[in-house]
Amino acid sequence: MGCGCSSHLEDDWMENIDVCENCHYPIVPLDGKATLLFRNGSEVRDPLVRYEGSNPPASPLQDNLVIALHSYEPSHDGDLGFEKGEHLRILEQNGEWWKAQSLTTGQEGFVPFNFVAKANSLEPEPWFFKNLSRKDAERQLLAPGNTHGSFLIRESESTAGSFSLSVRDFDQNQGEVVKHYKIRNLDNGGFYISPRITFSGLHELVRHYTNASDGLCTRLSRPCQTQKPQKPWWEDEWEVPRETLKLVERLGAGQFGEVWMGYYNEHTKVAVKSLKQGSMSPDAFLAEANLMKQLQHKRLVRLYAVVTEEPIYIITEYMENGSLVDFLKTPSGIKLTINKLLDMAAQIVEGMAFLEERNYIHRDLRAANILVSDTLSCKIADFGLARLIEDNEYTAREGAKFPIKWTAPEAINYGTFTIKSDVWSFGILMTEIVTHGRIPYPGMTNPEVIQNLERGYRMPRPDNCPEELYKLMMQCWRERPDDRPTFDYLRSVLEDFFTATEGQYQPQP
C-alpha cells in the first residue's frame with residue numbers, strides 16, 4: 001500500500017477508508033479499491049489505479065493514453081470502433097494495429113496506429129506534424145485543399161527538441177510557395193521566431209501569429225489540411241480467397257494483365273491487378289510477393305494481399321489518379337509547373353533510393369509504372385515483377401512488349417539488369433515527366449533506338465527542360481553502368497533542385 005500525496009481532497013465527501021496522516025489522501029487497500037461515502041449517503045466504488053513499485057506515476061496523463069484524431073468504424077473481428085476525440089488506453093503497441101481500451105465504453109480491441117496520437121503531447125494539435133521533412137511540408141501545404149496562410153509546425157530535422165513553422169504564401173514571380181521559419185528555444189523553455197516577442201509555448205505562438213503576421217510573410221490562417229489516413233491492412237490477411245474481392249471498375253490493361261478498382265470484403269477500396277494466365281509461375285510469384293511485401297516505404301505502392309491460384313491477383317493500395325504517364329496528359333497534369341514536375345521526379349527517386357539501399361532491382365521503371373494519388377503523391381508500382389514474366393513477347397528484346405526505349409544497353413544486349421540499369425531507366429522517365437508523357441525517342445522504332453544507342457546517340461534536351469536537369473539525365477545515360485550516379489545522389493540533387501542556391505529558411509522578422 002502507499003500514499004498518493006495530493007494537495008487537498010474535495011470537501012464534499014467523507015471516506016470510510018484509511019488515510020495518510022500527513023496529507024489525508026486515501027491509502028489504497030490490498031484489493032486496490034476504495035469505497036467513497038458521499039454526504040447524501042450514496043456509496044460509490046472509487047476506481048483507484050494500483051501501480052507497481054513504491055512510486056506513483058509521475059504524470060496524471062499516462063504515456064499509454066491516446067486521443068482519436070479520426071473516427072473509426074470497426075470492420076474486422078477484434079478491432080475497436082471509436083469516435084474522433086475519444087480517449088483510449090494502449091494495452092499493447094505492436095505493428096500497425098495496437099490493442100487498446102476505450103475510456104468511454106471500456107471495450108477492448110485493436111485500433112489503427114495512424115488514427116490516434118499521444119494525449120499528453122503536441123500530436124493531437126491539427127497544426128502539429130510529427131516526423132515531417134521540410135520538403136514534405138511543402139508538398140502537404142501546396143496540395144489541393146490548402147490556401148494562402150495555411151501553416152504547420154514540425155519538428156526540426158537537424159536540432160532535436162526544436163521546431164520549424166512552414167507557411168503557404170503567394171509570390172508575384174513564383175506563384176504559390178512555402179516559406180519556413182525557425183522556432184528558436186529560450187533557456188526557460190519558451191519559444192520565439194523574432195527576439196522582439198517570446199512565447200511560453202507553441203499554442204501561444206500560434207494564437208499570436210493567427211491574429212497578426214507581425215513580421216511573417218502572412219498571417220496564419222488555418223492548419224494544413226490533410227486527408228483521413230488510410231487504415232493499415234489487417235495483418236493476418238495475406239493469401240486471400242478470390243470471393244473476398246469485388247471488381248468494380250476496369251482501370252486499364254498493361255504488360256502483365258488488367259488492373260481494376262475494387263473492394264475487399266465490401267469495405268476496403270483496393271486496386272487489383274489480374275495477371276494473365278500462364279504469364280508467370282504461381283510458386284515463383286508467391287516467393288517474390290513475400291519479399292515484395294517486406295518492402296514498405298511511403299514512395300512504394302503498398303502490397304496488401306494476393307490470390308495465388310490462377311489467374312493470380314495482386315491486391316494493392318488504390319491510387320486515385322492512376323498512372324503517371326496518363327495523368328500527365330490530363331488537364332490537371334498539363335497545368336503542372338516545372339517545379340511540381342521535378343518534385344514528382346524527386347518523390348520517385350526517393351523510392352528508388354530505398355530499393356537501392358535494400359539491393360532490390362525494379363527492372364521496369366517508367367512513368368506507366370508510377371501511380372499518382374489525389375494529393376499528387378507519386379509511388380512506384382510493379383517493382384520486381386518484370387523478372388517473373390514468362391512471355392517471350394516481353395522477355396525477348398525483339399518482342400513487341402519489351403520496353404526497349406526505357407532499357408539500358410547492357411540489359412538490352414546481354415540481359416544484365418542491375419540498379420544501374422534502373423538509373424538509366426530513371427533518366428528516360430525524367431524525359432517523360434518534363435514532356436507531360438511523351439513517348440521517348442519520338443519518331444524512332446525500337447530497332448532504330450538500339451542502332452542509335454550503339455553509335456552513342458542520346459536523346460536531345462526536351463523543350464522546357466532546364467539545362468541542369470538535362471545534364472543529370474546525361475549522367476544517367478553514361479555507357480559504363482558504374483559511371484552512372486546512385487539513386488541516393490540523384491535524390492540529394494532533385495530534392496533541392498530549385499532551392500540549392502537559396503536560403504532554406506526565412507530571416508528572423
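Using the three backbone atoms N, Cα and C, a Cβ is placed for every residue, glycine included.
The region 'Interactions with CD4 and CD8' annotation in Swiss-Prot covers 2-72.
For G2, the entry in Swiss-Prot reads N-myristoyl glycine.
Summarising the annotation, Swiss-Prot assigns S-palmitoyl cysteine to C3 (among others) and lists similarity to another entry as the type of evidence.
Residues or ranges marked as S-palmitoyl cysteine by Swiss-Prot on the basis of similarity to another entry: C5 (among others).
What Swiss-Prot lists as domain 'SH3' is 61-121.
DSSP assigns S102 (phosphoserine) to a strand segment in the three-state reduction. Cβ-based neighbour count (10 Å, all protein chains) for S102 (phosphoserine) stands at 19. Swiss-Prot lists S102 (among others) with the feature phosphoserine, giving similarity to another entry as the kind of evidence.
Residues or ranges marked as domain 'SH2' by Swiss-Prot: 127-224.
If you look up Swiss-Prot, you'll see T159 marked as phosphothreonine, on the strength of similarity to another entry. Taking the Cβ of T159 (phosphothreonine) as reference, no residue of its chain lies under 8 Å away while being at least six apart in sequence.
Around S162 (phosphoserine), the same-chain residues at least 6 positions away in sequence with a Cβ under 8 Å from its Cβ are E155, S156, K182, I183, R184, N185. What Swiss-Prot lists as phosphoserine is S162 (among others).
Under the heading phosphotyrosine, Swiss-Prot lists Y192 (among others). The DSSP secondary structure for Y192 (phosphotyrosine) is strand.
Within 10 Å of the C-beta atom of S194 (phosphoserine) sit 14 other C-beta atoms, taking all shown protein chains into account. The feature phosphoserine is assigned by Swiss-Prot to S194 (among others).
Annotation source Swiss-Prot lists active site, proton acceptor at D364.
Under the heading phosphotyrosine, Swiss-Prot lists Y394 (among others).
The phosphotyrosine feature in Swiss-Prot is assigned to Y505 (among others); the stated evidence is similarity to another entry.
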Overall pLDDT for the domain 'SH3' (61-121), taken as the rounded mean: 88
Cα distance (Å, whole number) from S102 (phosphoserine) to S194 (phosphoserine): 42
Mapped DSSP class for T159 (phosphothreonine), helix or strand or coil: coil
In the chain carrying Y192 (phosphotyrosine), residues 6 or more apart in sequence that have Cβ under 8 angstroms from it: I183, R184, L186, T198, F199, L205
Alpha-carbon distance [S102 (phosphoserine); D364 (active site, proton acceptor)] in Å: 47
